[in-house]
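Let me begin by presenting the structure, written as structure tokens, before commenting on it.
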Amino acid sequence: MAMNLGHQIGTLSGKQIPTEFAAGEQPSSTTASPSVVWKSPAGNLRSNSPQENASPPMLTPPLTPSTAGEWSYLINLQMLRPDLSVACQAFATSSPLEMTVEEVAGTAEWTDGGRKDEKKGVSVFVMMPLDSVTNGNTVNRKKAMNASLHALKSAGVEGIMIDVWWGLVEREAPGAYNWGGYTELLDMAKKHGLKVQAVMSFHQCGGNVGDSCTIPLPKWVREEMEKDSDLAYTDQWGRRNYEYVSLGCDSLLVLKGRSPVQCYADFMRAFKDNFKHLLGDTIVEIQVGMGPAGELRYPSYPEENGIWKFPGIGAFQCYDKYMLSSLKAAAEAAGKPEWGSTGPTDAGHYNSWPEDTPFFKKDGGGWNSQYGEFFLSWYSQTLIEHGERILSSASSIFEATGVKISVKVAGIHWHYGSRSHAAELTAGYYNTRFRDGYLPMAQMVARYGAVFNFTCIEMRDHEQPQDALCAPENLVRQVGLATKEAQVPLAGENALPRYDESAHEQILKASSLNIDGSSNDREMCAFTYLRMNPSLFQPDNWRRFVAFVKKMNEGKDSRRCWEQVEREAEHFVNVTEPFVQEAALALMP
């Protein structure tokens with residue numbers, strides 16, 4: 001006798017899924033529930049990127065991912081499974097879609113993908129759109145969000161990552177917090193059984209590669225920066241960067257009677273107080289923003305207004321009066337007061353290459369001089385101390401809540417093969433051919449029991465422009481060794497949207513942390529996938545993604561081949577389609 005749909009899904013998931021309910025009975029939270037039925041949106045979907053499934057362009061750096069160009073992707077809705085087309089349709093329209101039945105919680109899980117009783121493999125989280133919460137403090141595309149969270153849970157995803165924007169929550173006045181949309185969004189995640197990585201985003205959205213929306217710093221912070229432009233990071237030409245308040249004034253009462261670090265701490269404390277009922281259960285991680293794009297770095301390569309283009313070396317950001325004051329004090333303490341009036345003036349421009357500059361050239365470059373060692377040590381140590389101040393506050397605030405704290409570090413892989421590693425140096429990472437710049441950061445993170453989160457995990461060396469001496473694989477390996485020595489957990493993210501098996505295989509390889517032949521018991525503690533969007537729900541992309549999540553959850557000790565996992569994924573996708581349709585129809589009035 002052929003198995004019914006409930007038995008088929010139960011076989012795949014290892015759970016008994018009932019297919020019949022008594023009159024008036026609703027499925028419980030532990031059983032599969034139907035998707036919802038949607039009305040088709042009006043209007044056409046327009047395409048700006050017809051080659052979405054191809055490998056991404058090479059000349060793109062690993063900045064904080066965003067959704068630029070993703071929502072306009074051309075989707076053949078007839079080819080999609082009904083439950084996935086819900087998410088695609090809703091994301092592709094600017095107005096919310098109507099539902100013909102009430103939303104129902106729960107999913108049909110493909111196990112080993114949800115929360116595991118015994119830890120094995122690498123849990124996968126998925127980044128939410130940058131604009132998941134609107135300027136009006138409501139959930140953006142609510143119907144789409146519900147449908148998409150349903151689909152992600154069914155694929156075995158552990159949870160989602162959400163940017164909690166300082167510029168939205170504390171927008172109007174100091175201490176006036178509006179958690180509106182986040183309350184609703186976090187409740188939705190809990191309803192679907194998804195864990196949450198909450199990012200304390202103290203930076204501006206907009207101005208980095210791919211930023212698809214603009215969320216500036218709080219209004220009252222911008223007012224203070226307008227009064228005192230030195231609160232903004234500044235380059236040697238006097239150009240100000242308003243993505244993030246300069247770390248030079250971390251401890252100064254320059255923001256309406258509070259210091260920037262006090263503002264960040266108060267924000268995190270208010271978040272904890274407002275969502276304490278979700279901490280440790282639904283909210284399992286707090287990623288603390290520490291700079292532009294949420295990363296612990298200087299804004300050395302801003303894309304806004306075409307200032308910087310990949311693979312330029314970037315520029316030092318130490319010319320506001322507060323940073324220069326710190327530099328002067330450090331020079332005097334070193335017995336070299338003449339070094340304290342300015343940063344390097346021979347380090348080229350944002351789009352220079354190392355060998356075009358006296359400071360970064362491989363032979364006789366200033367970076368390898370006594371002055372260079374002094375300046376770069378001060379520049380990088382000041383950044384690490386900034387991270388430590390914020391991390392100290394976060395660890396204290398979230399102590400005993402059951403959540404992990406994490407810090408994000410950028411994967412600056414271009415010019416990595418040069419001696420000076422110029423692009424890393426301008427960002428504040430004192431990493432050269434002769435010095436490990438990631439170990440001090442890993443040690444700082446380890447002191448607080450936090451997680452070191454790193455990007456560009458999906459990249460391969462040969463995919464990048466060789467003339468720029470890009471080496472993402474070597475960079476990931478170096479970070480893996482540094483975190484191992486510091487005994488700090490390592491988590492990863494992909495830097496660019498990738499849906500191909502080549503990228504998935506590279507992520508699997510990198511997340512296994514088989515670096516030096518002695519890492520048999522070590523894997524990444526989590527991986528966050530960029531990003532939930534219509535392209536992810538394309539039939540082929542979705543099938544590959546489901547298989548990828550399964551493989552990640554199984555861990556590096558799995559002996560099963562990729563083809564076997566993909567066959568199981570294909571069967572799961574197919575068998576879920578009629579089940580979701582049937583359940584939805586059964587609930588219609």
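From the backbone N, Cα and C atoms, a Cβ is placed for every residue, glycine too.
Listed in TrEMBL for this protein:
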- Glu295: active site, proton donor (ACT_SITE)
- Glu493: active site, proton acceptor (ACT_SITE)
- Asp163, His203, Asp211, Lys408, His413, Thr455, Asn494, Ala495, Arg531: substrate binding site (BINDING)
- 45-54: compositional bias 'Polar residues' (COMPBIAS)
- 22-63: region 'Disordered' (REGION)
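With every protein chain in view, the residue among the binding-site residues His413, Arg531 whose Cβ has the most Cβ partners within 10 Å turns out to be His413. Spacing of the residue listed as 'active site, proton donor' relative to the residue listed as 'active site, proton acceptor' is 12 Å (Cα to Cα, whole number).
His413 (substrate binding site) is 14 Å away from the residue listed as 'active site, proton acceptor' when you measure Cα to Cα.
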